[in-house]
Amino acid sequence: MSLLNDLTGAPPGMSGRALVLRLCAIGAVLAGAAGSFAYAGGWLSPGVLTPARVIDRFEEVNGPHPGFRRNHAKGLCVEGSFAASGAGARISRAGVFAAGRVTPVEGRVALAGGQPYAADATTTVRSLALRFRLPDGEEWRTGMNDIPVFPVRTPEAFAEQLLAAKPDPATGRPEPERLRAFYAAHPESAAAAALIRARTVTAGFADGTYRSLNAFRFVAADGRATPVRFAYLPEAPSAPARGAQETGTDRNVLFDDLAAALRREPVRWRLVVTIGRAGDPTDDATRPWPADRETVDAGTLTLTGAAPEAPGNCRDINFDPLVLPDGIAPSDDPLLSARSAAYSRSFTRRAGEAKSPSAVTGTPTHGAAL
Ligand code: HEM
């Protein structure tokens, strides 16, 4: 048998012409595979936004922080449970909403941005991410922010905004000209930014309201789909944010306050689901829904403890918003699939990198475990 026969797996009696044809066929398959990789990697379309380019943009703006999330880099793990009221079962057949069902929850509170060691700042967007483990192996993963609307409508606008808001190394602040140009090109973002600036910033993580911002579809037992947005509203009354002068020298004051609160007693939120009506935008997270929409109180989230990021805990969870149980489905919001793809790329990069400890331990002394 010739070497060519060995390489191509052609039978020993195959003619030269047949062999050449076979080689051409193999070449075509290899070229096709290489083309698919090049396409998926964005090499054939330099102008198109790919998940890798979104994550490159975070790295360009924030600098390299190996091992950390490319956004919401500074965080603390939390745990607790969700007790369904039963009212949500009318609009979603997801087991998590069945009356009397208590579902264990792991989560992560974080500050938006790609700086894992930045000092906590009052107005930085705060987030709450949750993973519900349902008894039959299903999961619901979700990430919410403490703002009324999202600043951009599309992934392309997200990438543009990251660059426009990049701090100028000379001043430490974004270049006003760049920001002005971004808002001129994206009036929907200018309107959203005004709503975000006007929000009441609360004292800490424990008394914040965390919103899905993206719309989803709840699917009932009879198959009926309902457009929804949802929010976790604090059980305790909210207090206004303390000024920087009152936060003292603890660089992790927001996280440490939540950890201290959880050491004293559980902290609770109500899951309030807002039902959209025809015409309410489900594909535009920059626009709020009218305030008079019907709401359903689906149950109570109780957080009972916090722990610093460590191997195997929330540090290693990808809170992909498209990991959904039967009974919750995506809407037509273009941010949802972009988030899923970007989080996956961020997760893959950080999973392959050496890890440094999180700045957040949950104690102002930065030493003891929780
Ligand atoms: C195209 C738009 C968006 C992009 C590109 C984006 C990008 C990212 C990335 C790369 C991460 C880090 C993921 C990881 O490594 O685990 C992240 C985290 C997060 N994002 Fe987004 N995001 C977008 C929109 C949103 C929206 C609309 C929300 C809604 C509330 C949101 C909420 C969160 C939360 C809560 C986290 C932190 C999750 C955690 O603690 O692990 N993001 N985002």
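Every residue, even glycine, has its Cβ placed from backbone N, Cα and C.
Pulled from TrEMBL:
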TRANSMEM  20-44  transmembrane segment
DOMAIN    23-370  domain 'Catalase core'
ACT_SITE  HIS72  active site
BINDING   TYR343  heme binding site
REGION    347-370  region 'Disordered'
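Cβ neighbours of the residue listed as 'active site' (same chain, under 8 Å, six or more residues apart in sequence): ALA110, LEU111, ALA112, GLY113, SER127, ALA129, GLY143.
Sequence-distant neighbours of TYR343 (heme binding site) (same chain, 6+ residues apart, CB-CB distance under 8 A): ASN318, PHE319, ASP320, PRO321. Looking only at the domain 'Catalase core' (23-370), the predicted model's pLDDT averages out at 93.
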